[in-house]
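Asks: Below, the features straight out of TrEMBL:
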type     : residues : note
DOMAIN   : 18-412   : domain 'Major facilitator superfamily (MFS) profile'
TRANSMEM : 20-40    : transmembrane segment
TRANSMEM : 52-72    : transmembrane segment
TRANSMEM : 84-104   : transmembrane segment
TRANSMEM : 110-129  : transmembrane segment
TRANSMEM : 141-162  : transmembrane segment
TRANSMEM : 174-194  : transmembrane segment
TRANSMEM : 236-255  : transmembrane segment
TRANSMEM : 267-290  : transmembrane segment
TRANSMEM : 297-315  : transmembrane segment
TRANSMEM : 321-345  : transmembrane segment
TRANSMEM : 357-376  : transmembrane segment
TRANSMEM : 388-407  : transmembrane segment
Amino acid sequence: MTRFDSAAIAEWRRYGTVPLAAGLGYSMGVIHVYSLGAFMGPLQDEFGWSRAQASVGLTIVGMAAAVAALPIGLMVDRLGPRRVGIIGAGLMAGAFALLGTATGTMGNWILLWSVLAFACFWVQTTVWTSAVASRFETSRGLAFAVTLSGGSLAAAVFPPLATLLIGEWGWRGALFGLGGLWGGLVLIVVLLFFRGAQDDKKPAPARTVIAPTAAAADLPGVTLAEGLRSATFYKLLVAAGLFAFTTLGIVVHLVPILRDAGAEPLAAAGTAALVGIFSIVGRLGVGLLLDRFPGRVVGACAYLVPILGCAALLIDGSSPLSQTVAAALFGLTLGAEVDVIAYLASRYFGLRNFGGLFGGLVAALSLGTAFGPLAAGATSDHFGGYTNFLILTIVLMGISSLALASLKAPPDWTVTRPEEDAQADRFPRP
């Protein structure tokens, strides 16, 4: 057994429950994204809305999250992720359930989604990845993969579960039930098992060869200003924003895309659920690759995969085989998007201001999530299909991949001696 393997095993033995709890917490933060497709049909039938109107809530949440991402990241750095995550899990469960009280007016719908947007502040990706990054050094890529597999779990479980609950309880009852049951489970797990190094009262010694456990102020890394001035930050910003705009736009509308191609509601939901299943494979696979190969290369390759999924739908979108292949490909890359950005942010910027800097990148992800589904829905409403959006996705994902491929090698932030000496060596100031 190599020293790398021994250190990785030691991290998992000591902190293995943290990424598992963080994964469930992360699933709560995307419950509205992956379940909305199942509710579009019932909302259209009851209120006569277009698909763009039904999905306008994601735009509200995304725009609000983009504004709040950096401040929330800084708050996590100061207060610790545990307190923020506990508050967020409770708020999110209640806000999602409140969507079931919709009256049919757009003003009411926007108000309900504005409440959900506030709840989303407290469960954004930064909260969960910040704690995991503070606990894992050697196996950080895999730990991020396990954490963000909560999104894969959401993508696999929520479409068929929401469809089943709609059939049993109606769309209002499904919103109440999904929010209450899943939110209760997440809150219990987070209370029991979720704690980052920032939440520890006593800092650990400055010298360590595994996961850093020092207080946030003692963690290595660049200052907030240094990170925001770097070209690396803006390359990651572009890659994150374009990915969320295109691929998440397609994933949110995948059930309508498949139904337009002739699939029955349950069959479309079942095929869409493959996104979640394959995203777990993608996350874990990419996580292992990130721990062993240059992250910028792994990320650039992973960001090319959606192009193949779009091609499958454009060439023969009515074929069940093409639909299945496309869903699997979107799942594989969906399993890599945030993992790659979070991993690269931790490697290039260190952990001292990880919450704030990654929060800035989450803003780009949030803007993409805000406008991608809206643009996909508007494309369908205007052109009578999603062909133009699929073509746009091919172009923008190519640009996103190039942005990651152009990154230089990251600095070495491994904590092996007092932090200030290490930072002076690795990131000299002008």
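Think of each number as a place in line: the chain as shown, counted from 1.
For all residues, glycine too, the Cβ spot is worked out from N, Cα and C.
Let's see these features in context: how buried, what's close, how far.
Replies: This prediction places the mean pLDDT of the domain 'Major facilitator superfamily (MFS) profile' (18-412) at 87.
Remote same-chain residues near the transmembrane segment (20-40) are listed as 51, 54-55, 57-58, 61, 85, 88-89, 92-93, 96, 99, 116, 120, 123-125, 127-129, 131-132, 146-151, 153-155, 158-159, 161-163, 166, 171, 174-175, 178-179, 182-183, 185-186, 189-190, 192-194, 248, 251-256, 269, 272, 276, 369, 373 (criterion: CB distance under 8 Å, separation of at least six residues from the stretch ends).
Nonlocal intrachain contacts for the transmembrane segment (84-104), taken as residues 6+ away from its ends with a CB within less than 8 angstroms of a stretch CB, comprise 22, 25, 28-29, 31-32, 43, 46-47, 57, 72, 75-76, 112-113, 115-116, 118-123, 127-128, 131, 171-176, 178-180, 182-184, 186-187, 190-191, 194.
Residues of the same chain lying 6 or more positions beyond the ends of the transmembrane segment (110-129) and with a Cβ under 8 Å from any Cβ of it are 22-23, 25-26, 28-29, 32, 56-57, 60-61, 63-65, 68-69, 72-73, 76, 81, 84-85, 87-89, 91-92, 94-96, 98-99, 101-102, 144, 147-148, 150, 338, 342, 354-355, 358-359, 362, 365-366.
Sequence-distant contacts of the transmembrane segment (174-194) (same chain, at least 6 residues past either end, Cβ-Cβ under 8 Å): 17-18, 20-22, 24-25, 27-28, 31, 35, 38-39, 81-82, 85-86, 89-90, 92-100, 131, 158, 161-162, 165-166, 168.
Within its own chain, the transmembrane segment (297-315) has Cβ neighbours under 8 Å at 239, 243, 246-247, 250, 257, 282, 286, 289-290, 322-323, 325-327, 329-330, 332-333, 336-337, 340-341, 344, 386-387, 390-391, 393-394, 397-398, 400-402, 404-405, counting only residues six or more beyond its boundaries.
A Cβ distance under 8 Å defines the sequence-distant neighbours of the transmembrane segment (357-376), meaning residues of its chain 6+ beyond its ends; these are 33, 36, 52, 55-56, 58-67, 69-74, 76, 124-126, 129-130, 222, 224, 227-228, 233, 236-238, 240-250, 252-253, 337-338, 341-342, 345-346, 349, 386, 389.
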Asks: Should anything in the same chain at least six residues away from the transmembrane segment (267-290) have a Cβ under 8 Å from its Cβ atoms, list it; otherwise answer none.
Replies: 34, 37-38, 140-146, 148-149, 151-160, 163, 251, 254-255, 258-259, 298, 302, 320, 323-324, 327-336, 339-340, 343
